[in-house]
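Novice: Take a look at what TrEMBL says about it:
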ACT_SITE  Glu326  active site, proton acceptor
BINDING   Lys30, Ser31, Arg35, Ser178, Ser179, Gln180, Ser207, Glu326, His353  3-phosphoshikimate binding site
BINDING   Lys30, Gly104, Arg132, Gln180, Arg357, Arg398, Lys423  phosphoenolpyruvate binding site
DOMAIN    18-431  domain 'Enolpyruvate transferase'
Amino acid sequence: MTDESTHSAHWPAPLARGPVKATVTVPGSKSVTNRALVLAALASEPGWLRRPLRSRDTLLMAQALRALGVGIEEGIGPDGTGEAWRIVPDELRGPVTVDVGNAGTVMRFLPPLAALADGPIHFDGDPRSHERPLHGVIDALRTLGAGIEDDGRGALPLTVRGTGSLAGGPVTIDASSSSQFVSALLLSGARYNHGVEVRHVGGKLPSMPHIRMTVDMLRAAGAQVDSPEAGGERDVWRVAPGALLGRDLVVEPDLSNAQPFLAAALLTGGAVTVPDWPAHTTQPGDALREIFTAMGGSCELTEQGLTFTGSGRVRGIDIDLGEVGELTPGIAAVAALADSESVLRGVAHLRLHETDRLAALTREINGLGGDVTEIEDGLRIRPRPLHGGVFHTYDDHRLATAGALLGLLVPDVRVENIATTGKTLPDFPDMWHVMLGTRA
Ligand SMILES: O=C(O)C1=C[C@@H](OP(=O)(O)O)[C@@H](O)[C@H](O)C1
Ligand SMILES: C=C(OP(=O)(O)O)C(=O)O
């Protein structure tokens, strides 16, 4: 549970009392949970989702699917262990209004599903959702036969006028601003009459592991998918038309949300174990093993999970984070406390995330005395002695956890709106205090 300081405007980030030694159980992956919900909703039979993430982004997804007619029963699994949701697909029907909040996965993944519904589905969300790019999904759906009303800006709000089925077929998009355009079209593609073929043209595609996650989960649900990794053409994916199976899926811990806890071990020269770290995964957070090792720690994957151990020294890094962009705010915070310069590249598209993350990280770290400059596609971070102050978060969960990380070593950092971590990790403030042993 939370205490009053969680909800007050500024959360006093606790200082580490020494090397952090803890085991931290991290809740389920946002990206896996929201893909699993979409695929289960489109399946031809009921399925189970075990250890789903319960956070703002996933509850918005569940709420939208329920409104469309899908049964989602929340409870304990049949074997009595842990939370499990039973998902019972049904005919998708409008009229419905979907609140996407500021969830990229909801605003991108659901319009292609809504094109299969019977009736109008209206999409709207937080003010920021009107600025996040959606043109790849809107233009593609029109090409594939869907009726869409929007204001021509390639963003929300919009209405999909579903007729119960969609022709589907080939489509070309520029997904350089978000890999979620590709994932969105593939996830619903098996249910289109001709399936879907998505061809990306334009700048480099970001977040490839997330597209691989989509392909893997589609295949596990019985879909036939051609992809570049399986010998297909570069930047082209094909999903054949066909039924999807109901699955019984255990959601992996969210490895991107494990980041602040592992970073605490790195920054304090401590050791943090995250149980249930998967041996094989498409989650981008798995790259933290390598990245944080390069920044000065070491890690070991055992039956107990992943243990990351800091060495007491934190090194800067020069790295392209294009594949793992959502790790950037946490890496930037560590880099600001390192003993040498860092350059984080390949993440220009972060300007269109929950907030303009490059501008926000620059402003906020510099506000504490740091020396961060924006480069064309990322950040240059020169460590400086930092001082306390308010760390603004712009309704961005990963800015909030980045502020908490700085506060481990810098006295009197106050994080604005720590509750925004609820987008993907509602228990963050409590988990942080428990890890640090700072709760009275
Ligand atoms: O498909 C997904 O689950 C995600 C893809 C990525 O989006 P972008 O490609 O827009 O960066 C990532 O940043 C986001 O947090 C989750
Ligand atoms: C970019 C992110 O989220 P979204 O799914 O809203 O795009 C993120 O979680 O870092």
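Placed from the backbone N, Cα and C atoms, the Cβ positions cover glycine too.
Describe the structural context of each listed feature in the structure shown, including burial, neighbouring residues and relevant distances.
Specialist: Long-range C-beta contacts of Glu326 (active site, proton acceptor), restricted to its own chain and to partners at least six residues apart, with a cutoff below 8 Å, comprise Ser207, Ser256, Pro284, His353, Arg398.
Sequence-distant contacts of Lys423 (phosphoenolpyruvate binding site), defined by Cβ-Cβ distance under 8 angstroms and a gap of at least six in the same chain, are Ser55, Arg56, Asp57, Gly101, Asn102, Ala103, Glu354, His397.
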Novice: Which of the binding-site residues Lys30, Arg35, Ser207, Lys423 have a Cβ less than 6 Å from any atom of ligand 1?
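Specialist: Near ligand 1, sequence order: Ser207.
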Novice: Pop the Cα-Cα gap between Arg35 (3-phosphoshikimate binding site) and Arg357 (phosphoenolpyruvate binding site) into the table, whole Å please.
Specialist: 24
Novice: Just to be sure I understand the contacts, which recorded positions have a Cβ under 6 angstroms from any atom of ligand 2? Candidates are Gly104, Ser207, Glu326, Arg398, Lys423.
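Specialist: So the answer is Gly104, Glu326, Arg398.
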